[in-house]
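A quick write-up on the structure given underneath.
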Amino acid sequence: MQNTQTPSPMPFGKYTPFQDQIRVELPDRTWPTRTITKAPRWCAVDLRDGNQALIDPMNSERKLRMFTLLVQMGYKDIEVGFPSASQTDFDFVRTLIENDLIPDDVRIQVLTQAREHLIERTYESLRGAKQAIVHLYNSTSVLQRRVVFGMDEDGIVDLALQGARLCRKFEETIPGTTVYYEYSPESYTGTELEFAARICNAVVAVFEPTPERQVIVNLPATVEMATPNVYADSIEWMSRHLDQRENVIISLHPHNDRGTGVAAAELGYLAGADRIEGCLFGNGERTGNVDLVTLGMNLFSQGIDPQIDFSDIDHIRRTVEHCNQLPVGERVPYGGDLVFTAFSGSHQDAIKKGLEAMERDAAAAGKTVDEIPWAVPYLPIDPRDVGRSYEAVIRVNSQSGKGGVAYLLKAEHQLDLPRRLQIEFSRVIQERTDAQGGEVSAAQIFDVFSDEYLPSGSGTPEWGRFALRGTRSVSVVDGADTLEVDLHDDGAENTVRGTGNGPIAAFCAALGSRGVDVRVLDYAEHALSAGGDAQAAAYVECAVAGRVLWGVGIDHNITTASLKAIVSAVNRALR
C-alpha cells in the first residue's frame, strides 16, 4: 500500500534532535529484561510543584485538605512547600508543625534554592518538626548554564556545594529535628551525564549519607526531551556512577511534555530508581508532573500492592478538583468519568459476557467473584475496587449494540432478554439514537423498553388493541386446557374461550376467536428476584399476521406473565 502522506509546512528544521544535544549511550543496558515486582517509595508534590502551576494557587484551607488526603491515602513523603519563597508556604509549614498535624511516620519535604538567606528561612520554618526532608536544587543543563546563569561547570558545582554546606550549617539550628537531604540537578535531562554524576557525587559527599540517613538524589525530567527509553538508560548509567550507591536513594521526577511521563517513570524505576515524585492526576507545570494515580493503579492492575489506598477514587478526584480548582478529564486513567465505560457494541457484548463468565466460574469454584482472578475484556481492573459501580460501565449511543442494551436492562432491572429479543430491541434503540443523537441513559432505555413491550400507565389506547383483564381455567379434558379470558378489545370488554395443549395454546385459540392468528415460536421466563412473592418475566416470540415479534409480560403469576407477553407481541404486530 502506497504511503500518500506529504511534507508538512511546519518549521521542524528549527529543532535539534535530542541525540545531537546530549549523548546517552548504554549498549549494555539491563533494564529492559527486568520486571516491576514492588512499589517504589512515593513522594507527592501536589502542595508545591503542583500548587505553583495552578491558576488559583491553594489557600490554607485547600492546602490542609490536600495534605489530609495525601496522608489518608498513605503517602509518607509529602512535599509541602517552598517556605523561603512564599509567606503562605512558610505559614502552612508552621501550621502543620505547631498543630501537630504530621503523623510520626510522615516526612514533610521543603524545597530551597542554593542561597544563604533562602536556606536559613527554610530551616526556620522547620523548627519543631520531628523529621523533614530538605530538598536543595540548582539548574545544571547546558542551556541554563549558558542563557540563565552564564556559568561554566565549575561555577555550577561551586553553587551547589555552597548550598549543601549551608544546609549542614543551619541543620545545627534545629537539633530536635531529624533532617534528611535531597538534591536535584534541575533540568537533569538537558545535562551531560558525566557532569550530572560529578555534581551529584560532590553534593552527596557534603551531606555524608549513612544507611540510617540516606541521601535522595532526584533526577528530574524537568522538561521531557526524549523517549522514555533514553531516560531509563540515563538512570541506569547514573546508578552505576553514583558514589556511595548503597546510601543513596535515586528519585525520579518526570514531567509530561511529550506525553510519556508515566512510561518514563516506569522504565526509570526498572532502570534502578528507588523513588518517584509526582502529583495526583498529573497536575503540574505545562503538561504536568507524572500522574501518581496512574502509576499506583498500574501496579495494582498487575497484582502488585501500590501501598497507597485508591479504593475511593471518586472522593480522591473530587478533593483534587476542589483543591486545584481544575477538572480531572473524563479520559484520565482510572479516575475519569468515562474510563470504565464502553459505548462500542462489540466492547459492550464482550464485557457482558466476561462478567457473566466471572459469575459462572466463581459459582463453579464455590467462591465469590472477588475471590477469583479478574478476567473481563476491556476492563483492566474491577471498577468496584476503586469504589465505582457497574452502572456506568456500559453506556449506549448510536455506536452501541445489543450487548450493551441487554446488559443495562439486566443490571438495572433484572430483565435477562433472550438473544433474539436483544437483537430486536437493540434495533429499536438504534432508531432512537440515530434520530435523536447523543447518549441514551439506562433509565431512558427502560422507558423505551416499557413503551415498546409493556402496558402504559395511561390506558389501553397507547398500549394497543388488547388488554388482559383476567383468566379462568374452565376444564382440563384429555390433557387439553379450556381457558376463559376476560379481554379488553378495542374499547370493549369481552369474555372469550379457547382450548389447547396448555394455557398458552388455549389463550392463542381464544385470540383466534377474535380474528387474530398467533403462533408461539419461542418462550423464556425467569424470576425478577428471590422470594415467594417475586414477580416473573416472560418473553414470547410470536408469529402474528405474517410478522415475527417478541412480547414481554411481567406478573407475580408466571402463567399470567406468559399470557401478557403474548398480548404484548400481538399488540405490537397490530399497531
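Each Cβ is built from the backbone N, Cα and C atoms, and glycine gets one as well.
As the structure is a computational prediction, the values presented were derived from the model and not from experiment.
When secondary structure is read from DSSP and collapsed to three states, N289 (Mg(2+) binding site) falls in the strand class. Using a 10 Å radius centred on the Cβ of N289 (Mg(2+) binding site) and all shown protein chains, the other Cβ atoms total 29. Taken from Swiss-Prot, the feature Mg(2+) binding site applies to D49, H253, H255, N289, supported by sequence analysis.
Per Swiss-Prot, domain 'Pyruvate carboxyltransferase' is recorded for 40-314.
Taken from Swiss-Prot, the feature region 'Regulatory domain' applies to 456-575, supported by sequence analysis.
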With every protein chain in view, how many other Cβ atoms are within 10 Å of the Cβ of D49 (Mg(2+) binding site)?
23
Can you check which residues sit near H253 (Mg(2+) binding site), meaning Cβ under 8 Å from its Cβ, same chain, 6 or more apart in sequence, and list them in order?
V45, S184, N218, L219, P220, A221, T222, I276, E277, G278, N289, V290
Residues other than D49, H253, H255, N289 within 8 Å, Cβ to Cβ centroid, of the Mg(2+) site?
V45, P220, A221, T222, P254, E277, G278, C279, G284, E285, G288, V290
